[in-house]
Number of protein chains: 2
Amino acid sequence: MTIPTKITNQTFLQAARGEVTDHVPVWFMRQAGRSQPEYREIKAKYSLFEITHQPELCAYVTALPVNNYGVDAAVLYKDIMTPLHGIGVDVTIETGIGPVIKSPIKTRQDIDALGSLDPQRDIPYVLDTIKLLTAEMLTVPLIGFSGAPYTLASYLIEGGPSKTHLKTKSFMYQHEDEWHLLMDKLADMVIVYLKAQIEAGVSAVQLFDSWIGDVSLIDYNRYIAPGIKKILAALEDSTAIKIMHGVHATHLLQEWNEMPLDVIGMDWRMSMAAARKQGITKAIQGNMDPAYLTAPWPVLEQELNRVLADGTTAPGYIFNLGHGVFPEANPAVIKQVTAHVQAYKSQNS
Amino acid sequence: MTIPTKITNQTFLQAARGEVTDHVPVWFMRQAGRSQPEYREIKAKYSLFEITHQPELCAYVTALPVNNYGVDAAVLYKDIMTPLHGIGVDVTIETGIGPVIKSPIKTRQDIDALGSLDPQRDIPYVLDTIKLLTAEMLTVPLIGFSGAPYTLASYLIEGGPSKTHLKTKSFMYQHEDEWHLLMDKLADMVIVYLKAQIEAGVSAVQLFDSWIGDVSLIDYNRYIAPGIKKILAALEDSTAIKIMHGVHATHLLQEWNEMPLDVIGMDWRMSMAAARKQGITKAIQGNMDPAYLTAPWPVLEQELNRVLADGTTAPGYIFNLGHGVFPEANPAVIKQVTAHVQAYKSQNS
């Protein structure tokens with residue numbers, strides 16, 4: 001992968017590599033879509049799948065926050081279910097529920113029936129969207145992403161979102177061999193998916209393991225880590241930045257710090273300075289509670305300054321939220337937060 | 001409060017005080033109800049409110065797991081919404097949803113309208129249930145409980161269960177004075193509720209702050225801790241054991257360790273031995289993932305032994321799950337786990 005020459009703002013990439021930057025770079029998970037009026041107009045006419053399958057439209061949605069907010073990175077507008085279609089999973093996104101899987105995984109046969117992903121054949125529109133964005137539209141890096149195997153498996157086994165993930169864990173404990181087979185197949189899919197995104201032009205990839213915080217450290221190392229390590233090993237030769245993000249995952253930070261990845265995403269439950277003191281040496285991305293975007297400006301500003309001071313005790317800091325932007329967030333506030341972060345002067349700089 | 005003379009098994013109380021015990025005491029959150037066939041027969045005939053309002057029936061349900069599993073403590077069968085009725089909140093428990101509040105709190109007037117709890121007038125059936133249990137039925141300690149102010153407030157403001165608690169946090173950030181007023185009123189209610197339970201005969205009280213793990217440490221100290229400290233100060237003269245339990249709350253353990261309480265409940269995300277190394281000196285209650293109750297016995301047994309070794313690095317250990325028993329748990333397995341815990345011999349004993 002070569003970084004497209006159009007990237008004039010490299011701040012995000014520099015921070016991700018642990019380098020000193022002239023300002024704190026900022027992007028927001030779920031910055032594309034949901035809270036933006038331009039997006040809502042599009043969404044009134046097209047379904048999520050219709051948007052993601054039309055490269056011009058999807059590229060427009062992805063670029064919106066860069067143009068409107070002035071963030072330092074774009075993130076591909078895409079649902080984490082996208083690659084599952086390619087391997088033969090019948091998944092729909094239902095309003096007010098989320099992803100719904102028609103035939104949840106119950107047996108080894110169901111796992112054997114999963115196909116392998118051929119990005120050119122199965123999801124050419126993703127690659128075309130990336131090419132459009134990186135060749136023409138963006139002057140900031142584009143971040144691609146994939147759901148991680150545990151989170152994808154939880155949807156496949158539960159059949160949709162779940163508060164407890166009990167079926168997933170029961171399957172894991174009751175059918176360990178089948179579980180590892182499923183993790184391995186999903187890891188292979190994620191590798192192909194992320195390599196294709198990198199080949200098409202993204203400068204960074206983020207593994208979203210949204211539900212991994214529900215798994216204990218012991219279970220993580222036994223049931224989950226092998227798949228993650230396989231993915232990261234397959235990407236090790238790439239110069240693309242690798243970001244790992246989980247929610248409620250404070251107990252996994254040390255494990256991630258030992259893995260071949262560049263950036264650890266943290267949620268708001270733990271102080272980033274405390275993580276540094278406990279030996280976290282990777283770049284850190286985080287960690288304001290997205291609920292603060294609904295706070296009055298003086299309260300929000302105080303929290304922003306606290307988060308910024310907490311994050312900048314060492315080089316390699318990227319401002320983000322601890323989880324995605326809520327649809328309720330005001331775009332004017334997101335823009336104001338972006339400017340505030342970029343104007344912040346660290347006590348240590 | 002005097003401990004009723006009928007308590008012949010004091011193991012739970014000894015461990016809660018940090019004393020050495022002849023076996024590891026065990027109880028399960030949500031042990032009463034849900035997974036038990038005897039309970040399901042009753043639930044087919046009566047609603048939750050009908051059960052909790054009939055002291056004989058409610059005492060029977062509370063005592064069932066002591067008789068069936070041989071656990072070392074009973075926990076009052078009761079919904080956390082119970083005291084809210086007494087202060088004038090219209091709350092119903094709807095199947096498949098949970099608590100639903102008819103008029104969620106939106107303004108200062110809504111908070112001013114909340115009454116104060118008079119247990120004898122408002123919830124005499126709770127006190128009668130406790131008296132029946134402690135005077136006649138139990139030879140183990142009875143644990144009473146209350147939801148903590150943040151968790152109660154989240155129901156009152158959201159109107160029911162919420163994945164994000166965005167309305168709650170928005171209210172907290174936007175209306176700090178009203179928020180503190182609400183926390184203070186709920187703290188007063190919790191104090192009256194727990195004191196009445198202690199007076200009626202419970203040997204321990206647990207504060208369930210189910211959703212507190214969603215709040216950062218900074219926000220906890222600013223918005224939540226004052227109410228918790230008020231509750232604990234009001235109970236400080238009582239000899240009843242005080243237990244604090246949250247989920248996803250690893251980041252709050254140090255705060256709780258400084259408070260006048262006896263036992264910290266931990267979920268499965270962090271090792272209990274690691275918490276000891278970080279300076280947690282209170283008794284610890286936890287912390288097996290309840291999903292393990294669905295694992296095959298060899299997998300479950302291995303995890304039990306790991307949890308037991310992890311918990312018994314210091315005196316003052318009570319075995320429990322990190323969250324409540326799932327309805328899917330097999331009662332025979334719960335009984336087997338109870339016996340296994342009680343037969344466990346620590347390497348350090």
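In case you wondered, yes, glycine gets a Cβ from its N, Cα and C as well.
Same-site candidate for substrate binding, as annotated by TrEMBL with A:Arg30, A:Gln31, A:Ala32, A:Gly33, A:Arg34, A:Asp79, A:Tyr155, A:Ser210, A:His323, chosen from A:Phe49, A:Phe171: A:Phe49. Note on A:Arg30 (substrate binding site): other Cβ atoms within 10 Å of its Cβ, all shown chains, come to 18. Break the domain 'Uroporphyrinogen decarboxylase (URO-D)' (A:25-34) down by DSSP state and the numbers are 0 helix, 1 strand, 9 coil. In three-state terms derived from DSSP, A:Asp79 (substrate binding site) belongs to neither a helical nor a strand segment and is classed as coil. With DSSP classes pooled into helix, strand and coil, the tally for the domain 'Uroporphyrinogen decarboxylase (URO-D)' (A:143-159) is 10 helix, 5 strand, 2 coil. Per-residue pLDDT, averaged across the domain 'Uroporphyrinogen decarboxylase (URO-D)' (A:25-34), gives 93. For A:Ala32 (substrate binding site), applying a Cβ distance below 8 Å and a minimum sequence separation of six or more within one chain yields A:Tyr39, A:Val61, A:Thr62, A:Leu64, A:Pro65, A:Ala74, A:Val75, A:Leu76, A:Tyr77. Neighbour counts of Cβ atoms within 10 Å were compared for the binding-site residues A:Arg34, A:Asp79, A:Ser210, and the top value is held by A:Ser210. Under the three-state DSSP scheme, A:Ser210 (substrate binding site) falls in the coil class.
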